[in-house]
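One structure follows; several queries about it will come next.
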Amino acid sequence: MRLEVFCEDRLGLTRELLDLLVLRSIDLRGIEIDPIGRIYLNFAELEFTDFSSLMAEIRRISGVTDVRTVPWMPSEREHLALSALLEALPEPVLSLDMKSKVEMANPASCQLFAQSQERMRHHTAAQLINGFNFQRWLDGNPQSSHNEHVVINGQNFLMEITPVHLQNENDEYVLTGAVVMLRSTIRMGQQLQNLSTQDLSAFSQIIAVSAKMKHVVEQARKLAMLSAPLLITGDTGTGKDLFAYACHQASPRSAKPYLALNCASIPEDAVESELFGHAPEGKKGFFEQANGGSVLLDEIGEMSPRMQAKLLRFLNDGTFRRVGEDHEIHVDVRVICATQKNLVELVQKGLFREDLYYRLNVLTLNLPPLRDCPQDIMPLTELFVARFADEQGVPRPKLSADLSTVLTRYGWPGNVRQLKNAIYRALTQLEGYELRPQDILLPDYDAATVAVGEDAMEGSLDDITSRFERSVLTQLYRSYPSTRKLAKRLGVSHTAIANKLREYGLSQKKGEE
């Protein structure tokens, strides 16, 4: 029988409660005291009349506000919850003490080693896992999880060993043991395969924290539902292909094929057969294969004038002929085009058909460069760090406090792709458990030079001025890393600079200014 006593924080109250149990000759099996004003009692079953009388007497104790029966003591509830969790885990889990002896093993581990719970407690980790040296791991003063490949009963496992630190009476955290989890590589492969075949809710894979990216994603969600051609523009590495695929996945065509062709990577004479098919070889083209779905034509600005004419005809009525065949084929395909070039300039230079441009420019999605979305940089960094650490089977490193300042100040001419590659390169060569600015190699970047690129003259005068102003501040802030120094350099007030830095998302934490 277990009771939960609600009470005030009064000196001597617990003593009076225990005296009452002694007076009634009740065998107390356990007592637990909660700091928030609850006392839990565990004792043998009582007759109903004795129990009712005891409850009444407890309520008469000064400071007791209520009393009720409960099914478990707090420690019992925690133990049962932990046991249920361990039993539900499909992966074998072991709890080890400081001598590598098994203290606890879940059912999956008992099944793997063909041992009962009791017999498991008579083994050390080294006896169960061939080649595992617990002492060597211990001598390394472990502070975080460690992964290594092990073979058990002919099966391959990724073993993750995590140190367990508990707080002692001096408020110091001391190492008390470890938890070992064994992940079957076959099971992991199946899970990844299943994950890759699922419809990962279209835009859930796109990081959008900044207002600009949120607006683009919201716009893309609306455009995804339409069937008219979609033109996606943006600098290199901004994620045009990712948005194209997301638009397909979010559209009514998601159950149908999605195919992508890079117009710049295929010779001109091969593009036609790739898109429309080749009759002599019995080959179906992209448009025919993707009937009912979507086709991405990446780097559309690189398409030859002859192919531009054929594409325009297809966009007008959805019909085409395979190479070497006169028979017309009609398909229903949504065409998504992507380019990092300024198509208006190409039209003016006679390199891109004006009528095709207007046919493609019905629905347009313009992706901003990463330098214009500084709020997205750290969320993207955290995503890439987690992804690549997991892929490489290494612990996820901590991000140093000053990493954010360095990454958000950099101009990222290669945009998200450059950030992704920089993080990957840093993790492959990282020593230690912290990712610092010096671990990420970034080429020199002149923000002012980029500011006069193809997109610099788009929009109103205010838009153009803002882009140039942000570029100047981005470049100079690296050399004058405080608002006061930068204000002095530019000959304006500290307040004006602070406001501008906040406006463009370039400001550091207050304590760093």
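Cβ atoms are placed via backbone N, Cα and C, with glycine included.
Just lifted these from Swiss-Prot, have a look:
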DOMAIN    2-72  domain 'ACT'
DOMAIN    78-120  domain 'PAS'
DOMAIN    206-428  domain 'Sigma-54 factor interaction'
BINDING   234-241, 290-299  ATP binding site
DNA_BIND  482-502  DNA-binding region
Under 8 Å between C-beta atoms and at least six apart in sequence, can you list the same-chain neighbours of LYS240 (ATP binding site), or say none if there are none?
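When sequence neighbours closer than 6 are ignored, LYS240 (ATP binding site) has ILE232, THR233, GLY234, ASP298, ALA338, THR339, GLN340, LEU367 within Cβ distance under 8 Å.
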Among the binding-site residues listed here (ASN291, SER294), identify the one with the smallest other-Cβ count within 10 Å.
ASN291
Sequence gap of 6 or more, Cβ distance under 8 Å: name the residues on the same chain that satisfy this around GLY237 (ATP binding site), in order along the sequence.
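In sequence order, the residues whose Cβ lies under 8 Å from that of GLY237 (ATP binding site) (at least 6 apart) are LEU370, GLY414, ASN415, VAL416, ARG417, GLN418.
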Let me check the 10 A CB neighbour count of LEU297 (ATP binding site). How many other CB atoms are there?
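Its Cβ shell of radius 10 Å holds 26 other Cβ atoms.
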Under a three-state reduction of DSSP output, how is SER294 (ATP binding site) classified: helix, strand, or coil?
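Once the DSSP labels are grouped into three classes, SER294 (ATP binding site) ends up as strand.
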Looking only at the DNA-binding region (482-502), what are its DSSP counts of helix, strand and coil residues?
17 helix, 0 strand, 4 coil
